[in-house]
Amino acid sequence: MTMKMMVHIYFVSLLLLLFHSYAIDIENEITEFFNKMRDTLPAKDSKWLNPACMFGGTMNDIAALGEPFSAKCPPIEDSLLSHRYKDYVVKWERLEKNRRRQVSNKRVKHGDLWIANYTSKFSNRRYLCTVTTKNGDCVQGIVRSHIRKPPSCIPKTYELGTHDKYGIDLYCGILYAKHYNNITWYKDNKEINIDDIKYSQTGKELIIHNPELEDSGRYDCYVHYDDVRIKNDIVVSRCKILTVIPSQDHRFKLILDPKINVTIGEPANITCTAVSTSLLIDDVLIEWENPSGWLIGFDFDVYSVLTSRGGITEATLYFENVTEEYIGNTYKCRGHNYYFEKTLTTTVVLE
């Protein structure tokens with residue numbers, strides 16, 4: 001073996017050793033992070049944890065009344081931990097004040113907690129899940145849920161010519177349960193034929209190809225679930241109101257007073273306004289920048305608030321309490337959309 005080859009092998013071995021050591025350090029830091037999380041749990045939760053198991057976090061999932069609900073055990077869903085657990089079984093238990101009860105098989109589907117008809121009584125319940133691998137390692141997590149009212153029909157506007165080659169995508173907003181059987185789509189109460197020409201379907205998305213004005217209308221998606229206790233499918237629906245509009249003029253006018261007249265010790269504000277040529281679209285975003293060029297958000301002392309309606313977008317810059325340090329400062333208003341960008345400035349002056 002030549003000296004050059006020996007040196008090459010040495011450096012490769014050293015790199016592998018360093019990488020292995022680094023990976024171990026990362027895993028140890030992840031474990032320490034979750035151990036600290038365990039220490040912050042309230043006593044009513046921590047008392048049920050098995051000290052021989054690692055803690056894998058908590059989850060507070062969204063649920064809708066009268067609809068199916070499902071939740072994964074937190075360590076299985078957490079990107080920091082999921083790679084550790086491949087072949088495993090999951091045990092679910094309901095935590096009560098002075099005891100814990102095993103969740104029946106009818107409330108477990110594919111290892112996930114499954115509630116076919118979520119009612120308000122479930123919103124106060126806590127569930128402990130224990131993941132056990134084939135080699136005996138275990139990790140635990142705690143799941144809660146909170147109620148969110150499903151939205152009514154969600155409006156969506158599509159402008160012809162924006163991305164016609166990709167089509168219009170409509171998302172069926174079922175967020176509360178996994179493991180559905182299928183989704184059927186309707187337009188104006190008539191079932192859509194998924195022919196992969198005009199309409200195609202990918203997961204929860206309906207794609208409308210070759211968009212045209214006539215594609216406007218009401219779109220309903222019906223999600224079908226099954227449950228061993230219920231003879232017929234469980235069906236949940238969502239709807240979208242799609243409005244297809246002709247190609248628009250995206251130019252806009254930016255309006256801003258060049259001076260902010262202020263008084264020391266008092267609040268002040270100034271509004272930057274973008275008026276779109278077309279009142280059918282609100283596609284202008286307005287941002288304020290401080291004298292250093294940093295974007296101003298919703299912070300203390302100086303902050304901005306954005307509103308948009310009917311082709312008019314406004315961003316108001318607020319000063320909670322004007323001090324001498326603000327006098328003479330110049331702030332930049334930047335309005336932009338996909339097509340155009342404009343900027344104006346204003347300077348703080350004493351009245």
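Cβ atoms are placed via backbone N, Cα and C, with glycine included.
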Disulfide-bonded cysteine for CYS221 as listed in Swiss-Prot, from CYS172, CYS272: CYS172
CYS73: disulphide-bonded cysteine as recorded in Swiss-Prot, out of CYS53, CYS129: CYS129
Cross-link partner of CYS272 (disulfide, per Swiss-Prot) out of CYS153, CYS333: CYS333
Candidates CYS73, ASN269, CYS272, ASN321, CYS333 (recorded positions) - the one closest to CYS172 (disulfide bond) by CA: CYS73
DSSP-derived class (H/G/I helix, E/B strand, else coil) of CYS73 (disulfide bond): coil
Spatial neighbour of ASN321 (N-linked glycosylation site) that is closest, considering only the recorded positions CYS73, ASN269, CYS333 and their CA atoms: ASN269
Candidate nearest CYS333 (disulfide bond) in space, where candidates are the recorded positions CYS73, CYS129, ASN182, CYS221, ASN269 and distance is Cα-Cα: ASN269
